[in-house]
Every structure is written in structure tokens, then in C-alpha cells.
Amino acid sequence: MSGSRPTQSSEGSRRSRHSARIIAQTTVDAKLHADFEESGSSFDYSTSVRVTGPVVENQPPRSDKVTTTYLHHIQKGKLIQPFGCLLALDEKTFKVIAYSENASELLTMASHAVPSVGEHPVLGIGTDIRSLFTAPSASALQKALGFGDVSLLNPILVHCRTSAKPFYAIIHRVTGSIIIDFEPVKPYEVPMTAAGALQSYKLAAKAITRLQSLPSGSMERLCDTMVQEVFELTGYDRVMAYKFHEDDHGEVVSEVTKPGLEPYLGLHYPATDIPQAARFLFMKNKVRMIVDCNAKHARVLQDEKLSFDLTLCGSTLRAPHSCHLQYMANMDSIASLVMAVVVNEEDGEGDAPDATTQPQKRKRLWGLVVCHNTTPRFVPFPLRYACEFLAQVFAIHVNKEVELDNQMVEKNILRTQTLLCDMLMRDAPLGIVSQSPNIMDLVKCDGAALLYKDKIWKLGTTPSEFHLQEIASWLCEYHMDSTGLSTDSLHDAGFPRALSLGDSVCGMAAVRISSKDMIFWFRSHTAGEVRWGGAKHDPDDRDDARRMHPRSSFKAFLEVVKTRSLPWKDYEMDAIHSLQLILRNAFKDSETTDVNTKVIYSKLNDLKIDGIQELEAVTSEMVRLIETATVPILAVDSDGLVNGWNTKIAELTGLSVDEAIGKHFLTLVEDSSVEIVKRMLENALEGTEEQNVQFEIKTHLSRADAGPISLVVNACASRDLHENVVGVCFVAHDLTGQKTVMDKFTRIEGDYKAIIQNPNPLIPPIFGTDEFGWCTEWNPAMSKLTGLKREEVIDKMLLGEVFGTQKSCCRLKNQEAFVNLGIVLNNAVTSQDPEKVSFAFFTRGGKYVECLLCVSKKLDREGVVTGVFCFLQLASHELQQALHVQRLAERTAVKRLKALAYIKRQIRNPLSGIMFTRKMIEGTELGPEQRRILQTSALCQKQLSKILDDSDLESIIEGCLDLEMKEFTLNEVLTASTSQVMMKSNGKSVRITNETGEEVMSDTLYGDSIRLQQVLADFMLMAVNFTPSGGQLTVSASLRKDQLGRSVHLANLEIRLTHTGAGIPEFLLNQMFGTEEDVSEEGLSLMVSRKLVKLMNGDVQYLRQAGKSSFIITAELAAANK
């Protein structure tokens, strides 16, 4: 299908389009910034935004002086906000290499209340920072500056030597230097005496608990809760949650304000209102505060001898730019606090962790939590740090909601497939418009129409019959060879009468079911979906559209999207395309329909029989696994009567299966656990499945003297075929041994060292921290598990140094795991009950450990919290053995990869020699034919180099490969591809002919020519291999250009490789299409080539005819404009 955007695209091409859009948007941002700086007070916001227009995704990025100057201005600004001061130090000598002009006044001025002794220190270039502060403060700074990740210790409380005034020192590293922001501790503020994340987390404990307790399934509820908690935590006049949409425009999705302020809920604003450069900085600095937009900024003076410009991007004091200050002033906002919400990209990640190279998920800026105040407002760094952590917790929940949305998309696809099958049973095609459900139920739309045998059937909001006929004629004239069109703007797609359709019809998806018959789906303009909850203005109160103001932004956004609808999703186009194929191939006449219907019912019945047999086999296997499992598993029916009791639970309790079956479960648990189990049963029977619930179960007969068994259980609702809950299954962990150890901790009243240092193998791995987050305990079992001795971790920050995502003793899998560990530790300090969660980390030796973490607070004799204890419960021996086998397989794969890397490296050396020799030859006098041959050789060398760079075959297969776009001609590609099979074809006397027209061969295209060359060479070689001696291979190509908008042309390329003989074996073609698990080398080569073609929004077909067969390769490229 053709369209204003590709209807089917891989993850790699989606990322490429997104990257190109960001680059293009940055250019637009730069121009707006330059216009603002040049125009001053005469800057016309609305006109400027309208002139820039929407960013075109397929437009090649450009780099110009305006953009470069803009980015340098953003990154290398030399101004800070005056509420604090800044020093930059040489990393080796701790001497000042830059300082803000207000630093001397804040850090060295004597206080009248504090008598000064000795000379006052002088602040300037070359000053040793330690001379400015008291001895304990200087010592603390020196210790922190020698720390690996200095940000872990922020903030550091220091006192000035002359005035004894307290400051928070906030440190970060940049290339070649250390930047320290000094923020004064306000008189009303209780100074934070201990550094580290755990201290700041306490400030947000209530808000975190509230977020954690929210049920999933509502992004709106999550955002509303977040802004309410931030509103209460920070005290700002207005708190908003911004969400960035796919096209980078923003929307206020939640808001809380103090009475009397105009609400901005529902506001949409153009992408330019928050420039891409600012978004990049938000990804780096996740919290940004502006204290007073009217304050005069302080300059930063740097040593003139420095060979580089200092960047203040990481500084908490960095001054906002004038354009943003003007925007705030127009909103009557004096102060702001912004928190970035950074989430994972929506791509897959392998479940099996790698000990050496664990790939991190790509991150993206989902949105912002923005606080505004009508008066100057300062938030101390500890509270800002707590807000940052709260934003990270919020981001984790946003991730989960996005994943749930993706699951809903999958359900929609399944629903669509059901609808398609339902339509398949009808009298096509009229049944798809005359019955229910109909084609409007297939995808979200405002209207749909069927043009069939020169008659029109309409549903919902559609153009008139006259306009529908005009659209059909336009498609036949301008998109004659395409099977359909999808666009979010008929105006931009080039339909002449698009504006006459009005706002009700902007976007369209259309497909052909025959040469004259079509189906249409229509969407109204985006603004129709937008509702701003802002206050209505008085008719006489008119906004100045030239000012940057929310209402102006909203109007500018509506101006940009006034001819656009919501874009068509890929899965929606898949559903439309599926319906198109069904109608084109399955319903040629009513007789065929009847036959097909009978065949379908027959197939469905066969599937039911197969499904029952398969279900019986699966059920038998599941029963066997449950019976032999090494963990306790039990089940009850809807009345609470036991109907499942495996060998392990019988062994632990001393109650046999026969004795347990039929008993009410509540009679088998300890009295103290009855209410817990009763609540869990009720919730599970209502469909709410709880996890990590701890209770005690009675023991019987020979086990009775051992006392009750302590279990931590996950509940799973059992459902029948109609999804009704008919029982509950419990999968448990036995925590009896661990509970015994913890009870001993309580009984010995703090004298726990005998247990901590006891090498008894029955004692689980234990570690602990003090109340400030420094590691204070690390028992022998923990040392054995991690490979880290006690002295290596004691007195290190548990969060960041011991467990972290970067340079830590025990590396965690990702940032989400790090945040969750912080939540658990924080909750353990503030709550009554111990926390139990799943936990995983990499040991020093690279082993990935998965376990259950139990955290409980440590109390002194007076009941004061002095830290936390953490216990690990490891997986069973059988599970560890299975993981060990998996790791062995992974190591074998790594060895093979190393061998492959060695071969690739050895190939590169002679390849470099060949390329050098070619360049030497290019410098000599050559004729036209010699130069053509040399160019073909160069293209082949580039192809080989590109293949050697392909380190991850799985990424190619999954479609996660970025294409390298550039201009080329088909003549270059076909010549280089053909040259690679000439040796083989000459050896078999196979003649290769090219029947492509000269115009197509010489047309300039835009795409990844080397990948296209690689694909064609592979298919040509396969064709030659299966062509008999003396046979022929014919190459032909056609090119169709579709106009997308006013300046972009889409080039639909089709190449046919026709060869004589019986053709490619069927099993190889199955391997190419991925329908067989065992793939040969030839099959893998075909499959990879097809995946590369699909990255170009194309595909490969194989057509068999009498005495000959053809590869038909299609690809979507851009037609380069000269």
C-alpha cells in the first residue's frame, strides 16, 4: 500500500524516522530561537510557528550554521541562577578553574555573628577549594571528590570557613573537570547531615506508598495521583503532567491548581514549545528548578588558559534561556520545578541476562511533571532529590501502563481477526456494510464507505457520493498501480478538493478489492479529538497571538493540525489489509462463497478436535509437573475445599494427599493466619491475584513437633472455558528456616553478631545498612554468594556502590531494579511489616542470581530504627541446575561468537589492503570502462565491510537494524550485484541479461544502496545455483513514483529475477519465510535477505511458472530531488 507514511514498518525503520524527525525538529527549534533573539519584543509567536509547519519525517536532515549556533548556545551557556553559586575544579589538583561572579560574596564574606580568626580566604582562579571551608567540610569534600560516582553522595553539607554558613554542595563530573553547585541551607530548614539517596527517599515515602498501592489499568488515575502528591509535597500553585505524543507535540493530561488559577487541563501545544535540545537535557538532568524568572543571572568566569569551554548542562543552577523566561512571564509564572518522566522504548528485550554485556533498553522522554508558582519559590536539594526519585517510581508505573496498553492492542488484533472471520462467513462484500459488526468496527474511524459495482454504501460521517467518486477517480489517476492509500491528511496527500470536505473528513484509508471496487475509512481532524478545559475568555478580553502563552500555543497547535486526523496505526492497517486480501481472493462469486464457508466450518471443527486432544496432553503434563515440583503447590475450589495437594506440601506438613483432599483450607492454616488466607481467597475468587503473601500452615503426625510451616505464596485464579473463576492455585516458598533465624534476631535483643558471622550453611545470605544507607553487615553466606569479601563492601553506599547499574560491586539489571530496591529499603524503615520482593543481581563473577529478598528494620533497645537487615532466599537446587545448563549454552554461543569475531577481524586486514590498492589505482590515468569496473569493485568492498559490521544477526531478523540512507542509481546497484555472481554463472554457462529500461537504471533514488545490493546479489546467486547449465537469468526492474504531499515522492521499486529450470526447492522457500525451525545456511541467507527487504518496507515473493521461476522483490525508496 502507498500512503503518506509507511503502513508497515519495522522497529528499526520506526527509530530511523523518529531520529530524522528529531533532527528536523531541532532545525525548526533553532530557527525559532534565532528569530526570537533577533526580533526581541517584536517576535510574533503564532506566525513563526505556522511558518515552520509540521515536520516531514522523510525529509533528509540538514546541518546549518543556525542549528550549530543554537546547540552551542544551549550547551555552553555561561550564566547561572543567583540563588546559589558555582565552582569548577581541576580534577587532579582541586584548584578552581572557573567560578560564578557571586561565589566570593556567598562563600568568603565574614558573618558579623561569627568572629573570624586569621586571614580571609580569597576566591579566584587557582584557589584550593579546601581553603574556603572548615576542616571537617574540606575533609568531606576531598573524600567525595575521590569517589567513583560523586553524584551518589549528593548533597554534601559543608560550612564556610569565614561565616560558618551551611551550604549543600552538589557535585557532578564533566570532561576534564568537576562542577560543584553550592546552595545555601535556609534558616527554616533542618540540614540533612547524611548524604545519599536513602535519606532523600524518606521525604517522598508517603507519595511513593500511594503510587505503589494504585491498581493498574488507568493511566489517567496514575497521572492524577502523581500530580496531587507532588502538589502536596512541593507546595507549588500549579502542578501538571505533560505527555509527549508520537509527533512530539505535547498535551496536559492531568493538573492540580490552587483556587483562582486558569486551568490548562487538555491543552495541546506544538512540538516547538519544548525544543528537542531541552528534552535532551531533561534526559540528563531529570529535575530542573527555576527559582525566580525575574532574577538577574550571575556570569561564570573561567580560566582563560583552558583549552575547552565548560558545559553547565549538568548544573542545578544553570540559567534558563531568554525565550523560556518570556514564556513563563506571559503565563504569570515566576518559579517552576520540572521532573522528567523517562521510560523504556517500546521494543523487546531478551529475558535471559548476560553476565558480560547486558543490553540496556533504549530510553525516551514520555513526558514531564511541571510545577509553576506565581511568586519566587525555592525547593531545597534534598526535596528535589526526593521528587526525582518519585518521578522514577512514576515512570516505572507509566511503563507498566504502556505495556498494558500494548496488551490491549494485541487483544484488539485478536478481536479484529474474529471480526474478519465473521465477515468471511457472510455474503461478501455487501455483508460488511449491511450487517453488524461492519467495517466501521474493524478500526477506529468516523465513517466508512464501500464502492461496489458503481454503487456506494455509506456508514457514519463520510464525504458525499460526488466527492467519493472524485476520490476514487483521483486514486485511479495518481495511484493507479497501488493497492490502496493511507494518510492522515488528504490535503497533504495531494487530493485537490480536500479543503472542500471540511473538518469532518481529513484522514483516509482506502483499499482496492478489484480494479473498480474500493473500501474507504475516514477520520475527522485532530482538533475534533482535542478538548481544552481552559477557562472561557470574556468576548472583549482578547489574547495577543504574538505572545508565547498557553492559549497561543493551543491555537498554534490547532493551526498546524487543522487538516490532519489521528494517524493510522500499523496494526489497524494490518487489519484493513487482511480484509482486503480476504475480499480479493476469497469471494469471487456466491458459489465460491458457499464452498469456502463449508471448508471454513470443516477446518474449525478439525481445529476443535485437535485442540481438545492437545488440551488433554497439556493437562496431563501440567498435573505431572505439579505433582513432582520441588516447591509447595496446592489448590482449592470455589468453596475453599482443597482439590490439589502436591508431594512437597505433603512432605512439609505431614498431611498426605488423601487426607488433605476435601478439607476446607482455612482449617489447615494457623489461627493467626486465618484472616490473611480468607482475604486472599476472597480476592482471588473475584479475580484479584495477590503475590508474596505470607502465612503459616499447621503440621501433622510426625511433623507436628516441628511447629507450623511458614510459606510465602502467590495466588493464581483457575478459570473455566468461559473465563469464570472456579478455584485458586497457590505456588509457595518455604520460609520456615529464614523465619527461625529472624526470630533468633529478636530474642537475642541486638546481639546478632554470632548469627551474622556464623558460617553455618543453614544461615541464608544476610546484609544490612545503617539508617543512612551505608553497608554495615555482610555475612559469610553473602560473601560466598557474591564473591565479595566483607571488608570490600562495609562502609560503602548500599544503593549505588554495592548494588547499582553502573560501576557497582553487584550490578543490577536496569534502572527499574535500582529504583525498586530503593523503595523496598525505604518502606522497610517506615513500615511495620517486613518487605518481601523478588530480587536479582550479577555477582562479581558475572553469575546472575535470582532470589527472594526479605527486608526488615533494625531497632536498638529504645525502639529507634538504626538500619535494615536484608535476607536472601535462593532458588531450589533443581532450578539452579536448569539455570546452569542455560548458562553453559550461552557460554558455548559466546565462544562461537568469539571465533566468528576472530575470522571477521582477519578478513578486515586484507580487505583494508584491497581498498588501499584501489585508491592507489584511482589516482592513475584510467579510461571510462576502467573507472566503471573500479567503481563496481568499490561497491562490493563496501558491501563486504557492511556485512562484517553486522555483529548481531538476531537484530536483523527482528528488524532492529538502522538503514544508511544516501543517493544512488539502480545502475550502480545492479552492476555491483551482477558482478558477484558472474564467476558462478560463467562456470555453469548461465547467461545473465538485463531488460531494465535506461530511464529506470539512471533515475536517482534515496535509500540504503549497499543493503539493496547485498540482497540482490544473494537472490541472484541462489537463482544461478538452481538454474541448469546453459540456462538463463533475466533481470528486470520497474519504478513507480507516488506523490506524498507537495515535496516528497515515494519510489516503489519492483525487481524481477527470472531464471529457467525447476526453481528453488520448497523447503528453502519455507526457511526464507520463517515457517521452519531448522534453518540451513542457504535458508538463513534467504531469510536475512528477506528481512532486509522488509526493513525497506518491501517484501519478497517467489513465482513458479512453466519452465521458469521468478524472485519478485519490492521496496519503498525515496525519489531524490535534484
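Using N, Cα and C of the backbone, Cβ positions are placed for all residues, glycine too.
Annotated in Swiss-Prot:
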- CYS323: phytochromobilin binding site (BINDING)
- 1-11: compositional bias 'Polar residues' (COMPBIAS)
- 218-402: domain 'GAF' (DOMAIN)
- 618-688: domain 'PAS 1' (DOMAIN)
- 695-747: domain 'PAC' (DOMAIN)
- 748-822: domain 'PAS 2' (DOMAIN)
- 902-1119: domain 'Histidine kinase' (DOMAIN)
- 1-21: region 'Disordered' (REGION)
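For the domain 'PAS 1' (618-688), the DSSP-based tally of helix, strand and coil residues reads 40 helix, 12 strand, 19 coil. The number of other Cβ atoms within 10 Å of the Cβ belonging to the residue listed as 'phytochromobilin binding site', over all protein chains shown, comes to 18.
For the domain 'PAS 1' (618-688), the mean pLDDT of the prediction comes to 83. In the three-state DSSP scheme, the residue listed as 'phytochromobilin binding site' falls into the helix class. According to DSSP, the domain 'PAS 2' (748-822) comprises 23 helix, 16 strand, 36 coil.
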